[in-house]
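> Summarising the annotation, Swiss-Prot assigns active site, proton acceptor to Lys179, His297. Residues or ranges marked as substrate binding site by Swiss-Prot on the basis of sequence analysis: Asn127, Thr177, Lys181, Arg298, His330, Ser382. The Mg(2+) binding site annotation in Swiss-Prot covers Lys205, Asp207, Glu208, and the record cites sequence analysis as its basis. The N6-carboxylysine annotation in Swiss-Prot covers Lys205 and is backed by sequence analysis. Taken from Swiss-Prot, the feature site 'Transition state stabilizer' applies to Lys337, supported by sequence analysis.
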Amino acid sequence: MSQSVEERTRIKNQRYESGVIPYAKMGYWDPNYVVKETDVLALFRVTPQPGVDPVEASAAVAGESSTATWTVVWTDLLTACDLYRAKAYKVDAVPNTTDQYFAFIAYDIDLFEEGSIANLTASIIGNVFGFKAVKALRLEDMRIPVAYLKTFQGPATGLIVERERMDKFGRPFLGATVKPKLGLSGKNYGRVVYEGLKGGLDFLKDDENINSQPFMRWKERFLYSMEAVNRAIAATGETKGHYMNVTAATMEEMYERAEFAKQLGSIIIMIDLVIGYTAIQTMAIWARKNDMILHLHRAGNSTYSRQKIHGMNFRVICKWMRMSGVDHIHAGTVVGKLEGDPLMIRGFYNTLLQTHLEVNLPQGIFFEQDWASLRKVTPVASGGIHCGQMHQLLDYLGNDVVLQFGGGTIGHPDGIQAGATANRVALEAMVLARNEGRDYVAEGPQILRDAAKTCGPLQTALDLWKDITFNYTSTDTADFVETPTANV
């Protein structure tokens, strides 16, 4: 029912009284608000300070992440302030908690610069996270409207084109990170790359913190790595690649390194999340213009994504990175050494791979999301995985993933090439069993043992790592599940 002119006038006069009034009364709380298709939606987990009403805390989050300050300002009247105010429109208690609330907040699309992750995040995760009225605050999910998505280029290459370039279909990509990640000379580094690729991997990669240190400058690494790639291609007849980490102190230096990688014939470059949103978008634009695959290492994300009550959920980073234009992003393994609840990981992968997301509360997906034809991002599973887990990896993660066995390749007792061969044989045996309709999850260990009868490197790997697991309960688990999930 619409308000009368008198009622609207009364509210307006009350709202613009001088001084400090509650955010909820300033217009940042509207339980009757009708969400528009063009609104940017955000879901925050709000933990109010003791004595602070959850509705007021949610309204404060809406206000401080949009147009509000601590007191009424008359200059609001010079703007379309009723339109530009973010509106908290629903507040729900978080299941199984006594002091946490889900705040649903809508933002008008005109509050954000087109095609700018930096501007979007300056509002959504800006000053509001230091606001005293909340004890803790976490951004759990967002819905990005199609009208805003269309201002971003999306992944530079995308999964489908990458498969065509690599000529790899019907199975996950196989890769490995060079180990040790720091300290090798350029020549030894190149040898590791060659052995891994010749043994059967599709990719080798730099790790997040190998840039241009005194023990090996970047140009030396690039030259030896590409020599290794070319020799491995000649030896195997397969398309291969090495992720060249072009992360550097300045954009000018990153451009120089990326251009050199291109001149050497590399099909892929790599950057780290820590370079920042603007730099990531800038390199994604460069990658698309230069027909390069862009790999993103999520270095630094757990400083703000791992804890359940403060920071932001990694699924939000997945959405921002798909908008920014990366082709790969590390997104968890479930069974490896890094944080990863099975349901949460599935939600991350779906966010990166699906063209349309439905609400799925067990996976932590709170909003329907149409991806507006933005290309798919290939998830990367890396960190503490080995060939003995191949049936679990294929079951949890599916085909569209890069499985990276760093220590699980280079730590093989018979050498790097043997480690790579063990992983390739294990993967192909498991994919074949799946394609034949076998219950490859239940039969997985036996499938691997059978494959190892004709592959000595696989048998050695299974003997070495058969008992290695990382069974820790995840800190970030779903709020809407019947039973707890374990990292097994």
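The backbone N, Cα and C atoms fix where each Cβ goes, glycine too.
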> Do any of Lys179, Lys205, Asp207, Glu208, His297 (recorded positions) have a CA within 10 A of His330 (substrate binding site), and if so which?
His297
> Under 8 Å between C-beta atoms and at least six apart in sequence, can you list the same-chain neighbours of Lys179 (active site, proton acceptor), or say none if there are none?
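Once residues fewer than 6 apart are set aside, Lys179 (active site, proton acceptor) is near Val192, Asp207, Gly406, Gly407, Ile410, Gly411.
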> Among the binding-site residues listed here, Lys181, His330, which has the most company in the form of other Cβ atoms within 10 Å of its Cβ?
His330
> Does anything in the same chain, at least 6 positions from His297 (active site, proton acceptor), have a Cβ under 8 Å from its Cβ, and if so what?
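Once residues fewer than 6 apart are set aside, His297 (active site, proton acceptor) is near Asp207, Glu208, Asn245, Met270, Ile271, Asp272, Leu273, His330.
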> Tally every other Cβ atom lying within 10 Å of the Cβ atom of Thr177 (substrate binding site).
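Thr177 (substrate binding site) is surrounded by 24 other Cβ atoms within 10 Å.
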> Between Lys181 (substrate binding site) and Lys205 (Mg(2+) binding site), how many Å separate their Cα atoms?
10
> Ten-angstrom check, please: count other Cβ atoms within 10 Å of the Cβ of Glu208 (Mg(2+) binding site), all chains counted.
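Total other Cβ atoms inside 10 Å, all chains included: 21.
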> Within 10 Å of each Cβ, count the other Cβ atoms and name the one among the binding-site residues Lys205, Arg298 with the highest count.
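Selected residue: Lys205.
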> C-alpha of Ser382 (substrate binding site) to C-alpha of Lys205 (Mg(2+) binding site): distance in Å?
11
> Can you tell me the CA-to-CA distance separating Thr177 (substrate binding site) and Lys205 (Mg(2+) binding site), as a whole number of Å?
5
> Around Asn127 (substrate binding site), how many other CB atoms lie within 10 A of its CB?
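That number is 11.
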> Does DSSP give Asn127 (substrate binding site) helix, strand or coil?
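It is helical.
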> Whole-number Å distance between the CA of Arg298 (substrate binding site) and the CA of Lys205 (Mg(2+) binding site)?
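Between the Cα atoms of Arg298 (substrate binding site) and Lys205 (Mg(2+) binding site), the distance comes to 14 Å.
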> Within 10 Å of the Cβ of Ser382 (substrate binding site), how many other Cβ atoms can be counted across all chains shown?
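There are 26 such Cβ atoms around Ser382 (substrate binding site).
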> For Asp207 (Mg(2+) binding site), just count the other CB atoms lying within 10 A of its CB, please.
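Other Cβ atoms found within 10 Å: 19.
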